[in-house]
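Undergrad: Taken from TrEMBL, the feature transmembrane segment covers 56-77, 84-102, 173-194, 200-221, 289-311, 382-401, 443-464, 470-488.
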Amino acid sequence: MMVAIDQSALQSLGNGGREEDAALVKVGNDGDKKLPLEVEDGTSTLPPMVPPANSSIGVVSLAMIVFFNVSGGPFGIEESVRSAGFLFSILGFVLFPLIWSVPESLVTAELGSAYPEASGGVVWVEEAFGQLAGWQAGYLGWMAGATDNAIYPVLFLDYAIQMWSSADELDSVVRLILIGVVSVFLGFLNWLGLEIVGKMSLIIGILSMSPFVIMVLVGVFQLDPQRWLQTPSLSQSEEVESSTNLRVILGSIAWRPFLNNLFWNLNSFDAGACYAGEVENPGRTLPRAMFVAVCMVIAGYLFPLMVAIGATDSTPEDWEDGYLATAAGSIGGRWLEAWVILAAGIANISLYQAELSADAYQLMGMADRGFLPKIFSTRSRYGTPTYGIMLGVAVIIAMGNFDLERLIEMLNLNYSTSLLMEYAAFLKLRVSKPDVPRPYRIPFGMVGCTILLLVPTVATLAVICLSSARTLVFSLVVNLVGILIFYVRRMSKSFPCPRCCGYTRVDTSPQDLDNSTNAEEDSLPGLS
């Protein structure tokens, strides 16, 4: 094959043009087709993807989608109270958003606007450290997200069934069929477009957070602030540790479940970068959406937590899963308790939609970068990644009857690894590619950014170090499997395969983006 560097691009660079313009080559006889140039160290000079013409989501919709990727409401904070008591759980939801949520959202705003691609953090890590690292970051992140998402249709079905009968009485086959029906229907809504997902998230967000707004407004007149200052006893922490087979106690706090719960409730803002290519002005929309989402996450946890502690006579041992509904009933009556239970059920719909969408867009972005077969880069008529959504729904149905709690705990460690890779990529790109346009830029220099990311890095490493030996071994095996898949995938490119299963790095130059996207869709089945 004849490969020649595009001389016009080099001339453009010499005349002050963009650096990425020089990173294009002409291939074979298709003199007009330009592909990205890869350098010998495995890194890529693939230019950042520009947003498509049918960009359809704004600040509010994006903020709501990110909110449900991260939180969805105060559901699930009970473990923190049970593990650390009243004072330290409140301090946890005050301080740890500053440690984890704010730095992650700032990094997402800067690099998401600099590289507005569907692959999200994958492009950051690849541009900084090469293809193997980029693949591994995407592989670990997608596995954690897809497995986590499998629990939401199950929880929604459990809430729905419990309104009439016990979920335990349901036959496993019938249960799997119902999970499949729910998953496919919600997947179809996801396929109809991000605009629908955003509007659904907004409506469900209002419905699911309304009972907590009422609980706060009513409960503020019943507060006993002295209860906020109560610290756990050593016997309480030992009981929590014993019930979970976890043996890390320091200062009467069961640190392992406490930190894991905080980490799980306060991270995943990087999912917002997967939608950066779906907005008209990422440099403006993305940072604003991140700011709104961070504020919603903090308020959605902190105010209900403080009122539920201060306006009831509960003890930390009472904070079993679902206790917030009991607290709402104690503060406002049975009707408010029922509303919280209903809110918990419908919130799972938006949690599912947000995670499914982010995972599908990430697969599409990875296909655009040549990591996955190009069939995953195909968009539907609504601009959504059809085959990524189909794969996500299939995985969720397949795991419908699995016991996911322990597996999710293990996959959390893999997400921690991919998050640390994104932090390292951010710092590396500040040094190695300072001239890449950053429509939004964190207003710190290199020293300031290093300090900004040092604290969340240490906190994330603490979560990893507190993991059980079983979890660490599982994570090691998962990482080795990912590396094996990467090299098998590279070798498979030399073998004949159907056109839809080939690998192609999409040309993202602005003048060809719309044409290449439409051409891909027209050539693949089942998308009209």
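The chain as shown is numbered from 1 upward.
Glycine is treated like the rest: Cβ placed from N, Cα and C.
On this model, are these features tucked inside or out on the surface, and what's nearby?
TA: Residues 89, 93, 101, 193-195, 197-199, 201-202, 204-205, 208-209, 212, 261, 264-269, 271-272, 275, 278-279, 285-286, 288-290, 292-293, 296-297, 300-301, 304-305, 321, 324, 343-344, 347-348, 350-351, 353-355, 357-358, 383 of the same chain lie 6+ residues outside the transmembrane segment (56-77) yet bring a C-beta within less than 8 angstroms of a C-beta in it.
Residues of the same chain lying 6 or more positions beyond the ends of the transmembrane segment (173-194) and with a Cβ under 8 Å from any Cβ of it are 56-57, 61, 65, 153-154, 156-157, 200, 275, 278, 349, 352-353, 356-357, 360, 380, 382-384, 386, 389-390, 392-393, 396-397, 400-401.
Same-chain residues lying 6 or more positions outside the transmembrane segment (200-221) and placing a CB less than 8 Å from one of its CB atoms are 60-61, 64-65, 67-68, 72-74, 189, 300, 303-304, 307-308, 310-311, 324, 327-328, 331-332, 336, 339-340, 343-344, 346-347, 349-350, 353-354.
Taking Cβ pairs closer than 8 Å, the transmembrane segment (289-311) reaches residues 59-60, 62-64, 66-67, 70-71, 73-74, 77, 81, 86, 89-90, 93-94, 97, 101-102, 105-106, 108-109, 209, 212, 215-216, 219-220, 222-225, 227-228, 265-266, 269, 272, 323-324, 327-328, 330-331 in its own chain, all 6 or more past its ends.
The list of residues near the transmembrane segment (382-401) in space but at least 6 beyond its ends in sequence, with Cβ under 8 angstroms from a Cβ of it, reads 52, 54, 56, 118, 146-147, 149-150, 153-154, 172, 175-176, 179-180, 183-184, 187, 190-194, 278, 356-357, 359-364, 375-376, 526-527.
Residues 131-132, 135-136, 139-140, 143, 409-411, 413-414, 417 of the same chain sit 6 or more residues outside the transmembrane segment (470-488) yet have a Cβ under 8 Å from a Cβ within it.
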